[in-house]
């Protein structure tokens, strides 16, 4: 009877671990979607491919959570590098065409770019060279045309933020996978013990 109870406990334990991995994958997906919505809003909606990118990223994380496959994390790096290129070109393009926009749209786009630069402490898409006149949002002292604007481009800053969070997520998923593997090994050991017990 005790062995039967132990078997049930292992089964419940495995179910709980699987449920946690699924839930964690869902949380990561939610975070990814939120991040892309915020990023798209901040740069004014020209990054058309971003929502599709985040959906793919979220699904991959969810699958990684399900399978406990840490090797797939390298695909995130590849997609993030693609993301950087798309974002850098998009931001640089917005800065380049800022003066050709109607006054109201120009004001909104400039406000979005300023918010992005202040929040991530970055400047331009690739670098401060994207700006003809460096705005105050690129400067630590808050004054326009400062001699030492933030050295990092906003696309790179966004990449680093995602990469840092993806690394933390990958570590947690790896730990979850190890726990799950431990539970599976325990289940195998228990099954072996049951076999030995039945032979006696």
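Backbone N, Cα and C define each Cβ position, glycine as well.
Bear in mind that the values here come from a model prediction, so they are computed numbers and not experimental data.
Sequence annotations record features per position, and here TrEMBL assigns disulfide bond to 122-154 (among others).
In this structure, residue 139 (disulfide bond) belongs to neither helix nor strand by DSSP; it is coil. The feature disulfide bond is assigned by TrEMBL to 123-139 (among others).
Taken from TrEMBL, the feature transmembrane segment covers 12-37 (among others).
Positions annotated as transmembrane segment by TrEMBL: 49-73 (among others).
Annotation source TrEMBL lists transmembrane segment at 166-185 (among others).
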Distance, residue 122 (disulfide bond) to residue 139 (disulfide bond) (CA atoms, angstrom): 9
Local Cβ density at residue 122 (disulfide bond) - other Cβ atoms counted within 10 Å: 26
Fewest Cβ neighbours within 10 Å, where candidates are the disulfide-bonded residues 123, 139, 154: 139
Residue 154 (disulfide bond) and residue 123 (disulfide bond), distance between Cα atoms, whole Å: 6
